[in-house]
Amino acid sequence: MQYDVIVIGSGPGGYVAAIRCAQLGMKTAIVEKYNTLGGTCLNVGCIPSKALLDSSEHFHNAAHAFASHGIKLDNLAYDFGQMIKRKQEVVDANTSGISFLMKKNKIDVHNGVGSFKDKNTITVTKADGIATEITAKNVIIATGSKPSSLPFLKIDKNRIITSTEALTLKEVPKHLILIGGGVIGLELGSVYARLGAKVSVIEFMDGIIPTMDKGLGRELQKVLKKLGMEFYLGHKVTGATAEGDEVTVTFDNPKGEKQELKGDYCMVAVGRVAYTDGLGLDKIGITVEERGRKIPVDEHLETSVKGVYAIGDVIKGAMLAHKAEDEGTFVAELIAGQKPHINYNLIPGVVYTWPEVAAVGYTEEQLKEKGVKYKAGSFPFKASGRARASGDLDGFVKVLADAATDEILGVHMIGPRAADMIAEAVIAMEFRASAEDVTRASHAHPTYTEAMREACLAATENRAIHI
Ligand code: FAD
């Protein structure tokens, strides 16, 4: 078959690229090695983790928040099997939704591993070994990523696991030892902490979510401690072994003294690495970067081979679904001759703990490092009427604005529905709004979004109203 575009990989980067190509009139094929579409995000990432986060949050609220609302529940219990079943139903509904979208947009789906024969020809090899060849003028590589590990750790997928296995456990761990205090680990750690597991986090850096503004990490750690999670920061893991139902994790404390923890599960959440196995990149002369194994691309997301593009987790930048989606649209429009643009500084980052954490733009640390003069305004949720009503008093919104022009340079929030609220900050910053601009826009009362306006008021002449 001859196509205008072949997309390899059906995650949020790949399927969005395919749909946009089809919308722009290109004959499009998508190649996916698994039987279901949607990639990491829909199958073993964003969607299943959020389904479990929601279920465990309902349970946690029933156990800890309902009584103060005057709701009495006797003999509260959870059915973990049902939570996992529901999670799978959510995943299935989403992945079949993508199959529907492929049909609707007349995109041919080829199941099998896609591999370059040459820059225009892809061999698709099915699980039974049968191979077919398809050709296209342009190829978009969207093969994503897989969990990485530490060189000395053997992940047995039974007791020493990654996020993928943590989404399909048969039981709630008694003691989950988490290696890595980043987004994926903390989200899944909080699922199990809410369901009663003891969760210990061992992190090499001196704070959790270390790539985000330091203030967010400190506040999140306080909240997660209230949930019972314990933290070993600045500690270096040296080994993990499993024997029967028991895992032992050894690590050095900041003084270099040896320590160990015993639990029944150890989840390794130390990041992800680009996935290019079986793609046959060597056949077309593409060499991956040594660190992270990412495919090098230029500013048009084109590889060193003309007509071969790469997007999403497999290239540089944040490993986030919406970044992959934006790049999918970008490449499709570029191939169609348009002039698309992505502002990489305005890709929001979110942690779906409760309260949620969300941020966009520069952190205070980055502004200091760049020598940019800025003003900061914060507003705590404990002063928000909406947050009082719901009982979500932890967290704050912090706005960083240019000291001279008042342009918003960064927004960092931890609080109820921060994942949704960050959209206001992204839009404001896309339009290069000043903090004053946001203060002048009406915000419905009572809403959590008022905290954004108040933080902007605080950033402009310290004139927040409710604090
Ligand atoms: P992927 O989604 O990884 O898809 C790549 C696809 O390519 C896969 O289906 C793979 O099977 C296929 N493939 C690979 N090689 C071949 C080949 N040779 N032939 C055919 N097919 C191939 N991001 C967020 O933005 N928000 C979140 O809340 C969030 N939560 C997450 C939670 C977890 C537990 C994890 C693990 C990740 C989470 N992420 C989240 C990250 C997000 O899942 C990724 O950034 C996103 O999936 C990347 O999309 P992608 O299209 O680049 O690749």
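A Cβ is built for glycine as well, from the same backbone N, Cα and C atoms used for every other residue.
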Can you tell which of Gly81, Gly112, Gly114, Gly280 TrEMBL lists as binding FAD with Lys50, Thr143, Gly144, Ser145, Asp313, Met319, Leu320, Ala321, His322?
-> Gly114
According to TrEMBL, Gly180, Gly181, Gly182, Val183, Ile184, Gly185, Leu186, Glu187, Gly271 bind NAD(+); identify which of Glu165, Glu203, Glu257, Glu260 is listed for that same site.
-> Glu203
Binding-site residues considered: Thr143, Ser145; fewest surrounding Cβ atoms within 10 Å belongs to Ser145
Of Cys41, Gly180, Gly182, Leu186, recorded positions neighbouring ligand 1, Cβ under 6 A = Cys41
Specify the secondary structure state of Thr143 (FAD binding site) as given by DSSP, simplified to three classes.
-> coil
Counting every protein chain shown, other Cβ atoms within 10 Å of the Cβ of Leu186 (NAD(+) binding site) number 28
Would you mind listing, in sequence order, the residues at least six apart from Cys41 (disulfide bond) in the same chain with a Cβ closer than 8 Å to its Cβ?
-> Gly11, Pro12, Ile47, Ala321, Ala324
List the residues of the same chain that sit at least 6 positions away from Cys46 (disulfide bond) in sequence and have their Cβ under 8 Å from its Cβ, in sequence order, or write 'none'.
-> Ala321
Going by C-beta under 8 A and a gap of 6 or more residues, the same-chain neighbours of Gly180 (NAD(+) binding site) are Val201, Ile202, Glu203, Val268, Ala269, Val270, Gly271
